[in-house]
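These notes are about the structure you will find just below.
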Amino acid sequence: FQSLDYDRCINDPYLEVLESMDNKKARKYEAVKWVMVFAIGVCTGLVGLFVDFFVRLFTQLKFRVVQSSVEECTEKGCLALSLLELLGFNLTFVFLASLLVLIQPVAAGSGIPEIKCYLNGVKVPGVVRLRTVVCKAMGVLFSVAGGLFVGKEGPMIHSGAVVGAGLPQFQSISLRKIQFNFPYFRSDRDKRDFVSAGAAAGVAAAFGAPIGGTLFSLEEGSSFWNQGLTWKVLFCSMAATFTLNFFRSGIQFGSWGSFQLPGLLNFGEFKCSESDKKCHLWTAVDLGFFILMGIVGGLLGATFNCLNKRLAKYRMRNVHPKPKLVRVLESLLVSLTTTVVVFVASMILGECRQMSSTSHSGNDTLSVQGMSEDVNSSIKTFFCPNETYNDMATLFFNPQESAILQLFHQDGTFSPVTLSLFFLLYFLLSCWTYGISVPSGLFVPSLLCGAAFGRLVANLLKSYIGLDHIYSGTFALIGAAAFLGGVVRMTISLTVILIESTNEITYGLPIMITLMVAKWTGDFFNKGIYDIHVNLRGVPLLEWETEVEMDKLRASDIMEPNLTYVYPHTRIQSLVSILRTTVHHAFPVVTENRGNEREFMKGNQLISNNIKFKKSSILTRAGEQRKRSQSMKSYPSSELRNMCDEHITTEEPPEKEDLLQQMLERRYTPYPNLYPDQSPSEEWTMEERFRPLTFHGLILRSQLVTLLVRGVCYSESQSSASQPRLSHAEMSEDYPRYPDIHDLDLTLLNPRMIVDVTPYMNPSPFAVSPNTHVSQVFNLFRTMGLRHLPVVNAVGEIVGIITRHNLTHEFLQARLRQHYQTI
């Protein structure tokens, strides 16, 4: 995995852009950004509309055919044919979904862990490509229509993020022939903001919750946030919500512009019947039950995550290394098992329950137009006489959204045995399903599973304790929140999403308390499901903050002192050698400072007291590495002896004046013309490898390769002023896919030519002192979205570099153990 670079490179080409920038151009740039944010919201809403339309179409077709077959075969005794018809539909749809994942493997799953990694600063290959969103959107409609226990809401977040990443670029690797000259937003920093907006728009389109989407992007994703971005993300979420609402209301009800269906998943309005005066949505007494449900939901969520983690590890060991066809077969096996379980449970395990009187005339129960009709029309009467319905078939033989509405709003009772069996089967099958090679969301299965749990609690309280005042729909909602919170461990955003989905602000307190309790209970055992899958993939994700005991470490304890560096003026052959033999993505630009070291080692009294102070208290690379080699035995004693032999060198430096005096007299050259003919070699002694280096800036691999590709260099007989200059647009023209050094035609380059990298390096990157505490290093790195953090001592010498790898929890724990051992 590579890191994304959210830090600005303030080099000469960028300064030229700033010089040409005025208020008019700045306003134009801001206006274009607002237009792009609006376009991202509209496109995300249209993606949601596409998925919803075809899921509804395929699901209605499947259930219409199978239901009529079941009704006929009930009399004729040919239910096996109905099962075969259902298997034919489901296996075909799941097979198509698996094939799409084979085309683009990163389209599998919900995509939320991948987007969380991207916004955290980790580049997951292919996660925001056009091919990914096509496979994701088409795959999820087939996997949902195929009867798998997955949701389409989770993949909407991934789809929105891909739209946000790709739309402002006006280009795609899948559509190479379509090119637009659009010079804006050519950096990871800009793309991050649009991905944040797209992910929020995906949540808003899925649940009709624009505020919840904004908070989701803030809570789960972005490592960097500001007020301007909040306003843009909310605007994008609103655009997505109302685009989807406009078209869904028009298509389903024919009333264009009425805005009746805010999201893909609509919970309806919770409202007591006017005839029941004792009914209340919830009371203060119920809060105690809600807290207990939160504890149970946290335990169930931790169990779900534990089982799914074991399944994921098994798949990584036994399924993924095998041919890709095995993944398709696994998906078909899950589909086969799910279909048989659903069919058999609906036919055998269901009970015939009496329809309540309000089911037929209770339009006052639900004020959302069409909602009561949806609840009543989704009742299944398989094998049951008149005025009764099959409660198990009603839950299993419906789309998941309809089953959730049944549990929230159906006044008819569900048998406790039916709810228990339904919960158990759904829990196990959805746990098995999440992680197979199909696009799949986890929100809706978790909500449905939790709603069955909550409805079961309400039934038990009514039947055995005699609490007639409780509203079953409230307990179903709290159960859904408890289980979903126990699985994903979200708090702020999930609270607001559920409140917006119910349109009932009075549920704010019980939902928030339940989610908090569920999260605390689950965190006692393991992490959330998305964090577990991130860890299984080995992604170096940075948490919000480090543990308190990590402050026992300093920057010098975690930095990497083995540096590969370049000089301000370097021959092409050295650059090519460095780029081809290393995988680093940034290189310190340095000059050597050996004269002062030799003078001090000789004990020359002409050296200033400042240099003496430096040697006694300032960390150097050689000293740090010598300490490490003595404690870890990582270097042979011969190199240590070479280091000591250097103490008796007799070479005289040309200058004996103080460095400060030289700089004041302007005889000190900040970037001397050094032309190294060799790159750092493994055969160098420790002293050669860890010589004192004065730090001048950082230059990226992509910048060096761009300079070589475009022939930016000068000959030894010329001045560096004769080197061609590149503009900022030319430097960023190939973003985000810069050329690779291995694709470079070396016959076009003269290896003796020299490249002056100083105009293109970042002369003022963020840097820390070796004595900086790890918590300060971590906060700076994460908050500013850095990719490389140089460690520079008090006299301007670079002594190491810190990357994302050096700040992961596992690396810090290992260094802390070493710290305790040395103590």
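Glycine residues also receive a Cβ, built from the backbone N, Cα and C atoms like all the rest.
The transmembrane segment annotation in TrEMBL covers 34-55, 91-112, 133-150, 194-217, 281-305, 325-349, 417-436, 473-499. Look at TrEMBL and you will find 622-641 tagged as region 'Disordered'. As annotated by TrEMBL, compositional bias 'Polar residues' applies to 631-640. The annotation domain 'CBS' is assigned in TrEMBL to 761-822.
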Give the mean pLDDT for the domain 'CBS' (761-822) on the 0 to 100 scale.
87
Count the Cβ pairs between the transmembrane segment (34-55) and the transmembrane segment (194-217) that lie under 8 angstroms and are 6 or more residues apart in sequence, then report whether there are at least 3.
yes
Selected stretch (most C-beta pairs under 8 A with the transmembrane segment (194-217)) from 133-150, 281-305, 473-499:
473-499
Mark yes when the transmembrane segment (133-150) and the transmembrane segment (325-349) have three or more Cβ pairs under 8 Å (sequence separation 6 or more) and no when they do not.
yes
Residue numbers, six or more beyond the limits of the transmembrane segment (473-499), whose CB comes under 8 Å of its CB atoms:
203, 207, 209, 211-213, 215-216, 218-220, 267, 270, 281-282, 286, 289-290, 293-294, 296-302, 304-305, 404, 407-409, 442-443, 446-458, 461, 505, 507-508, 510-512, 514-519, 521-523, 527-531
When DSSP states are grouped into helix, strand and coil, how many residues of the domain 'CBS' (761-822) land in each?
28 helix, 15 strand, 19 coil
Below 8 angstroms Cβ to Cβ, which residues of this chain, lying six or more residues outside the transmembrane segment (417-436), approach it?
108-109, 148-150, 300, 304, 307-308, 311-312, 315, 327, 330-331, 334, 337-338, 341, 345, 349-351, 391-392, 395-396, 442, 445-446, 448-449, 452-453, 455-456, 459, 529, 533
Same-chain residues at least 6 beyond the ends of the transmembrane segment (133-150) whose Cβ lies under 8 Å from its Cβ atoms:
47, 50-51, 54-55, 58-59, 62, 86, 89-94, 96-97, 100-101, 103-104, 107, 111, 158-159, 162-163, 166, 334-335, 338-339, 342, 400, 426, 429-430, 433-434, 438-442, 444-445
